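These notes are about the structure you will find just below.
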Amino acid sequence: MSVTSTSLNGTFNGISEDGIEIFKGIKYANIPYRWAYAERIDDYDNGVFDCTQEGMACPQVLPFDYNIEKGPKEMPFDEFECSNLMITRPQGATNLPVFVWIHGGGNLAGNGYCSDHNPVPFVKHSIVAGRPVLHVMIEYRLSAFGYLAVPDTNGNWVGNWGARDQYTALQWISKHIVEFGGDPSQITIGGESAGSIGLHALMVHESMKPKEECIIHNVILSSGTMDRMGTGTISENAFKPIYDGIKTLVGDINTCSADELLEAQIKAGLDLGFYLQDDFFPPDWRNVRFKVSRVLLSDVIVDGTNFKNKINPAVRVTPENDFDHKVFKLYNISTEDTWEDYHYKMMLFKGDETFIRGNQQLELLFEQENIPVWRQLFDQIHPNDPSRLCHHAVDLYYMWDNWEMPEDKHAVARQYQDTLTKFVYGQDPWPVDKLHYVHDNQFEILDKSQFGDFRNVPALKFLLGFSAEELGELTKKYTGEGHYTL
């Protein structure tokens, strides 16, 4: 099964299985050298390409504990070949709505070919539901390869390589997806955690463009905004100390091996992929006017589970200032709490402070601009282990539906996929003036005034009274050494 494109000047041979066609490892850009801007490919020089094998992922360490049974898939890594994408479509697709997915992983790790992101069940169910969707997954540069700021030949600091890759991929999709049966006028882009943060970053980037030039219109943001990741100058985000630390360890950062660079970034303290305030973003990026048309905004009640290993007995907090005392009061934390109770309450706090606060900020901005927002609370617990609660990224189990789990959980997954495909089709997944609450195998449509029944509104209001920078300083002592958990 193949696609021969005159406009792309190439032939792409894919896989056809059980009514689904898959094209893997399509390069959307060339990366000429380390820390170079990706160069979009629009002409494939009359080549014939084997798209039956998984594409390369960006080299990465795995400093995370994964909240998924299947775990990170062993992948071939190549920093110069990771600018690729995978297209999954119904057989014979023509003019279908497109759903693009940006994977998470803290901008340090992850890949779209990982078995937990397999889109085949999603696409199959979209056919059954009568809303067939063409799905695209994108790879992009990660960790130091994607988010280290480096000085150029003029001494100016440049970065955001991974974010620029993501935008280049979206440009390729907008321009060329019609060759694979997608409708370029109906593209929805989604992401979870760092994927959602990245999508927010791309929306900020497009705020600098005239609306007619924008390619991001319909978005699904799940548990991640730029709010606490932010952008910064060299000193504010500590890029230069990290750069200097890596350079001290490896010598020439441009010619050292990928493995040497990865080992050095850990020792130098690069534990998340931050954004650089350069020409990719407007100076006042927190107060832009978004150009998107429709938004589905979602989070999870215990989004703070990705801090669970960083909240440890060695950093148990004793209230010392007004901020601490207020946090303890708002989350009903006591110095007499058992470790289990303290740990759970701190995860609630970190989830609010890191993720849900940002969603609340974005929702207010969207509403001020009359951009419709479908607000969702995804509080469905882990499908196989209730003790893991409704943790950060738990919605991915139900989005992709490719794990072994009880049939009632598969039913929840199918209903959730219905919700998402309706949004992708430009339909209302639920009334836009209502709240969508997913819990205990139920999909409830509630009045938005009931938001406070399921989220800590007094705490969110308190946290919104501080800037992200202030929160960064005030909450440093609340977490310690340890891996993030995805």
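Glycine residues also receive a Cβ, built from the backbone N, Cα and C atoms like all the rest.
Quick caveat, the model's predicted, so the values are computed rather than measured.
As written in Swiss-Prot, here are the features:
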type: ACT_SITE; residues: Ser193; note: active site, acyl-ester intermediate
type: ACT_SITE; residues: Asp303; note: active site, charge relay system
type: ACT_SITE; residues: His392; note: active site, charge relay system
type: DISULFID; residues: Cys58-Cys82; note: disulfide bond
type: CARBOHYD; residues: Asn332; note: N-linked glycosylation site
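Using a 10 Å Cα-Cα cut-off around the residue listed as 'active site, acyl-ester intermediate', the recorded positions Cys58, Cys82, Asn332, His392 reduce to His392. Listed recorded positions: Ser193, Asn332. The one with the lowest count of other Cβ atoms within 10 Å of its Cβ is Asn332.
Comparing CA positions across the recorded positions Cys58, Cys82, Asn332, His392, the one lying closest to Asp303 (active site, charge relay system) turns out to be His392.
Of all Cβ atoms in the shown protein chains, 28 besides its own fall within 10 Å of the Cβ of Asp303 (active site, charge relay system). On a Cα basis, Asn332 (N-linked glycosylation site) lies 22 Å away from His392 (active site, charge relay system). Reported as a whole number, the C-alpha separation between Cys58 (disulfide bond) and Asn332 (N-linked glycosylation site) equals 43 Å.
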